[in-house]
Amino acid sequence: MLASTVTGAPLQEQGRAKVNLTLRVVGRRVDGYHDLESVVAFADCADQLTLVPGPELTLTTTGPLAAACGETSDNLVLKAARLLAESVPGLKLGAFELEKVLPVAAGIGGGSADAAAALRLLARLNGLSLDDPRLQAVALKTGADVPVCVPSRACTMTGVGENLQPLALPVLPCVMINPRVPVATKDVFQALGLKPGDLLVGVTDVLTAPSWPTAGASIGDWVSALDQVKNDLEPPALKVQPIIGTVLDALRASHGVLLARMSGSGATCFAIYGSEADAKAAGAQISADHPEWWVHAGTLS
């Protein structure tokens, strides 16, 4: 799908939080990367990225969690933009402004979502399709979670993150919690302890993986299916940061909860509820009990 814009007019995109409803680590490849199988959804909380077209590529960061972003030069927004400029001759660029509201190093792909938002903005500015193979290659080169964040739609994700298949996911009422403790993905995979060439999921497990509900399925149908597949990174993440267990306990003790687990490599955890009212009530109670935590009550889709 092609899009165009008036040069000079500010453009905006959201970097929506990515949530791994399931996450299986199939194994570690000989090149060191991990093969994954994941059901991914996106939340209704997001960073905001603005692009003002201009001659120079820059990035400024604002918002309540701007300080957690670290050095601007290392930001994935700039990495994605530079890689796309290398791949597309004459690419029009400009000044990015990132309003950062999502926790960093949190297992919800905040940096990847921001990079994907940058690619969507540059695609709009330059009349590129999001299916352009150059853009898709840049997304994967920027980071394993960036390809799934480009469309930001519910899907299954396999390989190192490059193989995507859309899913007909209903709107899932949810609460997301981050204890404001960063967890480095590399530390969690190190705690998992797979050597190159090792398998964690056997062939039989792969063949017996559940088929996901189709269009029209209920929240209950999805919870039943999701309950059959765990997050393989949850046990090693608990070793790296035990407070994740406290977060999960709080979610599992909340009224109306149907399923609670960790997203990605943590430390963010989420719970699914039968209604938005239950989710909002649970979020309010947990916020009152733990004012030091980042808590979002909303939906996944």
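For all residues, glycine too, the Cβ spot is worked out from N, Cα and C.
According to Swiss-Prot, the protein carries these features:
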type	residues	note
ACT_SITE	LYS18	active site
BINDING	PRO103, VAL104, ALA105, ALA106, GLY107, ILE108, GLY109, GLY110, GLY111, SER112, ALA113	ATP binding site
ACT_SITE	ASP145	active site
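A straight line from the CA of GLY107 (ATP binding site) to the CA of ASP145 (active site) spans 10 Å. The Cβ of ASP145 (active site) lies under 8 Å from the Cβ of LYS18, GLY109, SER112, ALA113, GLY161, GLY264, each of which sits 6+ residues away along the same chain. When each of the binding-site residues PRO103, GLY107, GLY109 is scored by how many other Cβ atoms sit within 10 Å of its Cβ, PRO103 comes out lowest. ALA113 (ATP binding site) falls within a helical segment according to DSSP.
The Cβ of GLY111 (ATP binding site) lies under 8 Å from the Cβ of ASN75, LEU76, VAL104, GLY143, each of which sits 6+ residues away along the same chain.
Considering only the binding-site residues ALA105, ALA113, the Cβ with the fewest other Cβ atoms within 10 Å is that of ALA105.
LYS18 (active site): 26 other CB atoms within 10 A of its CB, across all protein chains. In the three-state DSSP reading, ALA105 (ATP binding site) counts as coil.
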